Amino acid sequence: MLLARMNPQVQPENSGADPGPQPPLKACKAADLVVVKDSNGVQCLLAPRGDDAQPRETWGKKMDFLLSVVGFAVDLANVWRFPYLCYKNGGGAFLIPYTLFLIIAGMPLFYMELALGQYNREGAATVWKICPFFKGVGYAVILIALYVGFYYNVIIAWSLYYLFSSFTFNLPWTDCGHAWNSPNCTDPKLLNGSVLGNHTKYSKYRFTPAAEFYERGVLHLHESSGIHDIGLPQWQLLLCLMVVVIVLYFSLWKGVKTSGKVWIDAATQIFFSLGAGFGVLIAFASYNKFDNNCYRDALLTSTINCVTSFFSGFAIFSILGYMAHEHKVNIEDVATEGAGLVFILYPEAISTLSGSTFWAIVFFIMLLALGFDSSMGGMEAVITGLADDFQVLKRHRKLFTLAVTIGTFLLALFCITKGGIYVVTLLDTFAAGTSILFAVLMEAIGVSWFYGVDRFSNDIQQMMGFKPGLYWRLCWKFVSPAFLLFVVVVSIVNFKPLTYDDYVFPPWANWMGWGIALSSMVLVPSYVIYKFLSIPGSLWERLAYGITPENEHHLVAQRDVKQFQLQHWLAI
């Protein structure tokens, strides 16, 4: 099928190096002739962009894109993180800041990333041809996605280990007497408020069969004295991790053809859950058809994600209430965070059901599905983001994908050691906490202020036939950046030393964590400095080329720079 579309921007494929200022050209509109080719259910857009241009794949079906985005957004954080944060911060009261951040920051920036990727048809780094100084934001989100991949694959490996362990008549976490159990192992039916005492929380009580299976049978945490003593990788988890990495590689090698503290918690959960700021949405949307309705996609996906979180909350609160009633303790003595919720309390509750083996298998298959979807999204963001920036990587995508998966596998080995849970906790806290909020803040500023919310709205109109409403434009330009700046500052000021249950991380570990967080954030100002120094010309020209979209660089020579005009900054 042959289509002709008027496109005001003729955008050449990125060659891999940052293009310098272009010689003056005459502004013109060109007819962008696009050939839509169907091959094995995958449509490719072939544009006349030179002999070396490579076709950009598009999703074969609309449902492929929606399921990929929903699969990435609805992840393990919906199952364990949201219910715990909701409980920790006052139950229903937590829904107030959560819903507020969803409305004024989460959904607007989710919509922004989908539109940005779809219009420019680029990955997280090269999409910043709209404002070259901000390309460091793209590299920052790629690095954050890579960091998360290091430990996220380990959690999937844990789920796989639990799945294999579930294929028995008697689940291994239902009773004591196994090789990993300690002499203190106690049948959960014998536990009650009097046994635990007045000052011992159930979440800290590690002698139930489920807790000992997780901490002693799977993690071997009792053989480590802290993050300074992590030991060697465990062969059982090593095999599971290898299976996870192999599945990820064969799912990604061909691209999309197959693929206040309360306020801080609320904001972080919104972006961690929805996935804005990881570069994944930009990467996925870059494979959309040009006229796809990404506005509808943003609303639908955000709604599905939040409804899933709410249902997960209903389920976990029911389990927590049941466990507290069974052990005759307060519900706050049962609640725990993160992996402990999924790998201790859920399995223990499942073991009380009739046909517990079946339900355990179904539960851990669900965890695997949630984990794989999200991990594939994060890996795709890294691969697409760098492959679009460096053509040599795009031409050898299979080898590059293999290199990325092997790299994440090797670094994940630190997380499957006997003290690996400390490494996982460190990465989970610092790799995608303040840094992801900072990256999204810079992204919002770059698009709505430097590129211009009015120009961005015109891009959306060109794709879908209508401009975003005033609400979205106000959120992009004022409301979302203001709230994000507030949360970033408060998260730094209110930082407390990292802990895992009763273990307090040493100061050097906290400094290492901040080093991990800063390693991605520092890419933003570092690239601005690099780009500014690498552009030839006067101070004015360097600044002008750095903040002007690449397709308008010819206007710089004519001293017609929109960003130097007052109406650009006042436009809505």
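Each residue's number is its place along the chain shown, starting with 1.
Cβ from N, Cα, C; glycine included.
As recorded in TrEMBL:
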REGION    1-22  region 'Disordered'
BINDING   G71, A73, V74, N78, S273, N305, L370, D373, S374  Na(+) binding site
TRANSMEM  95-116  transmembrane segment
TRANSMEM  137-164  transmembrane segment
DISULFID  C176-C185  disulfide bond
TRANSMEM  235-252  transmembrane segment
TRANSMEM  264-287  transmembrane segment
TRANSMEM  299-322  transmembrane segment
TRANSMEM  359-387  transmembrane segment
TRANSMEM  399-424  transmembrane segment
TRANSMEM  430-453  transmembrane segment
TRANSMEM  474-493  transmembrane segment
TRANSMEM  513-533  transmembrane segment
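The transmembrane segment (359-387) shares more Cβ pairs under 8 Å with 399-424 than with any other stretch in the list 95-116, 399-424, 430-453, 474-493. The recorded stretches the transmembrane segment (235-252) and the transmembrane segment (399-424) share 3+ CB pairs below 8 A when only pairs 6 or more apart in sequence are counted, and are therefore in contact.
Away from its own ends, the transmembrane segment (513-533) comes close to residues 18, 132-137, 139-141, 143-144, 147, 426-427, 429-431, 433-435, 438-439, 442, 498, 505, 542-543, 546 of its chain (Cβ-Cβ under 8 Å, at least six residues beyond either end). Annotated pair S374 (Na(+) binding site) and C185 (disulfide bond), C-alpha to C-alpha distance, rounded: 36 Å.
In terms of Cα distance, none of the binding-site residues chosen from G71, V74, L370 sits within 10 Å of C185 (disulfide bond). In this structure the C-alpha atoms belonging to L370 (Na(+) binding site) and C176 (disulfide bond) are separated by 30 Å. Non-local neighbours of the transmembrane segment (137-164) in the same chain are 76, 123-128, 218, 236-237, 240-241, 243-245, 248, 277-280, 339, 343, 347, 360-361, 364-365, 367-368, 371-372, 374-375, 378-379, 381-382, 385-386, 404, 408-409, 411-412, 415-416, 420, 423-424, 427-428, 431-432, 435-436, 438-439, 442-443, 446, 516, 519-521, 523-524, 527; each lies 6+ residues outside the stretch with a CB under 8 Å from one of its CB atoms.
C176 (disulfide bond) and G71 (Na(+) binding site) are 37 Å apart (CA-CA, integer value). Only residues 6 or more beyond the boundaries of the transmembrane segment (430-453), in the same chain, are considered here, and those with a CB under 8 A from a CB of the stretch are 105, 109, 112-113, 116, 128, 130-131, 133-134, 137, 140-141, 144, 147-148, 150-151, 267-268, 271-272, 276-278, 473, 476-477, 480-481, 484-485, 487-488, 491-492, 513-514, 516-518, 520-521, 524, 547, 549, 562-563, 568-569, 571-572. The local packing around C176 (disulfide bond), expressed as other Cβ atoms within 10 Å of its Cβ over all shown chains, amounts to 17. Rounded to a whole value, the Cα-Cα separation of V74 (Na(+) binding site) and C176 (disulfide bond) is 35 Å. Ranked by how many other Cβ atoms sit within 10 Å of their Cβ, the recorded positions V74, C185, L370 place C185 at the bottom.
Counting every protein chain shown, the number of other Cβ atoms lying within 10 Å of the Cβ of G71 (Na(+) binding site) is 17. In the three-state DSSP reading, L370 (Na(+) binding site) counts as helix. According to DSSP, V74 (Na(+) binding site) sits in a coil region rather than a helix or strand.
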